[in-house]
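Over in TrEMBL, the protein carries these features:
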DOMAIN    21-203  domain 'NfeD1b N-terminal'
REGION    119-140  region 'Disordered'
TRANSMEM  234-256  transmembrane segment
DOMAIN    242-360  domain 'NfeD integral membrane'
TRANSMEM  263-281  transmembrane segment
TRANSMEM  287-304  transmembrane segment
TRANSMEM  311-330  transmembrane segment
TRANSMEM  342-359  transmembrane segment
Amino acid sequence: MMSWPSVAIATEEQSKAIKTVPVITIGGAIGPAVGDYVTKEITRANQLSHVPAVVITIDTPGGLVSSLRDINQSILSSSVPILCLVHPQGARAASAGTFILYACHIAAMSPATTLGAATPVSIGGSPPNQKEEQTNEPSAMEKKVLNDSIAYIRSLAQLRGRNEEWAEAAVRDAATLSAPEALENNVINMIADSPQQLLEKLNGLTIRLEDEDVVLDLSSALLEQRKPDWRNQFLATITDPNIAYLLMIIGVYGLLLEFYSPGFGVAGVVGAISLLIATYAFQMLPVNYVGIGLILLGLGLLVAESLVPSFGIFGFGGVIAFVLGSIFLIDSDIPELRVSLPLIYSLAVTSAAFMIFVLRRLWQLRHSRVVSGVENLIGCHAVVEFTFDTQGYVYIEGERWSAHGEGSYHKGEEVIVEAVEGLTLQIRKKEGG
C-alpha cells in the first residue's frame, strides 16, 4: 500500500466530525471487483455531508469495458467532485485508465507517469489464410468498437473541456503522453507529487459541477484511505481469471470422481460448489464460450481415452482441445485478465494424467468388483459403518458398499451378506444366520 509521510490520515471517529477526502486506489487491471469497489465508494461519498471531494489514484494497464463504464457512470453522476491522480511516480493510466481520467472533474498526474494507449484490442486475430495486406484492415466489428470508443472519449473531453484531438489519437493510434506533455496539451489540469499536494493546489479553485460553479474548500480536509471490504476482496479473488479457471477444472474433477467412485459425497459437493462459483465469476468476465466448449470437449475426449483406449487418438485430441479452449477462454487484450499460459500447460498435463490413469483405474476397480468374485462375497461378514434403518453403508474386505436389509443396524455391528444386486449388498443380522 502507498504511504505519504506528510499526509494526515483521518480515523473513523475524526471523519465524523471534520472534512475528509476519501482516497480510492485503482491498482492493476480494472475488473469487476475494482468496478464494484470504486462505484460503492463514490456512492458512499455522495451520502456523506462532510466529504468535499474524492481522490482516485490510478496505476493500471487497462481493463474491462463493462467495469470502466460502471466506474465512469458513477463519476459522471456524482454530486461530489472526483479528483483523479495518476500516482505514484512510475504509474500509468493506460487504456481504460485514460477514459477514467477524462471522466473525472479534475485530472492530474505525478511526475514520471504516463497516459494513453487506449486502443481497444481483440485477441482473436485474423484467419491464417488471409493475405498479409488484408490482416492490416480492421474488420467491421473492430471498426464498430473503435468508433464507439472514439465517440465516447471525445464526449468526455467535451464535457470536461479537455483536448479532444489527442483523446481520439490515444484511441485510434495508441498515442501516449508523459505528465509534462499532458499538461502542455491540455489533457490534464495539473501535476502533483501526492494526493496531499493535489488538495493543496486545488484549494480555492472553482470548478463546474452539475451546471454550477463550485469553489473547492479543501484547506482543513484530511485524507482517508478507503480499502475494499471482505466481500470485494472475495470478489477480486474469484474473478481472477486464473482462480475462476482453476475452480472450473476442480468442479469438473470433483463431479467425475463422485460419478466414478461414489462415497461420502465430498468430491461431488466440492465439485458442485466450485462449478457454481466459477459460473458466477465467468458471468462478470469477458468469457469466450467457444473456449469453454473446447475445454469440455477436451475433458470429454480424455474421459473417452480412459474408458475406451484409442492408441492415444482421443487423449492427444483431448489435450489439444483443452489447451486451445483455455487460451481462448478469456477474451481480453489485458495480460492480467487472461489465464496464465504456464497454468494452462500444467493443467493440461495434469488433466491428461488424471483422466487416463486415475479414472481408468477407478473404472476398472468399480467394474471388477461387480463382475469378478461377486459370488465370493455371499456369506461373508461385513461391518456396519453407521447406524441405519433399512439402507446404509457397510465395509467388507476393506471396501465400502451400499447395503440394504430389514430392520435396524448399529455402528460396528457384524452382518452377513445374502446377495449382491449391482453395487448394493443385501444383508441380514448375524444372529439370524
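These residue numbers are counts, starting from 1, taken along the chain as shown.
In case you wondered, yes, glycine gets a Cβ from its N, Cα and C as well.
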Exercise. Look over the recorded stretches 234-256, 263-281, 311-330 and say which has the most C-beta pairs under 8 A to the transmembrane segment (287-304).
Key: 311-330
Self-check item: Residues from the same chain, set at least six apart from the ends of the transmembrane segment (311-330), whose C-beta lies under 8 A from its own
Solution: 241, 245, 285-288, 290-302, 304-305, 337-339, 341, 344-345, 347-348, 351-352, 355-356
Practice problem: Give residue numbers and ranges for long-range contacts of the transmembrane segment (263-281): same chain, 6 or more residues beyond its ends, CB-CB under 8 A. | Solution: 238-239, 243-245, 247-248, 250-257, 400
Quiz item: Residue counts in helix (H, G, I), strand (E, B) and coil for the domain 'NfeD integral membrane' (242-360), per DSSP?
Solution: 95 helix, 2 strand, 22 coil
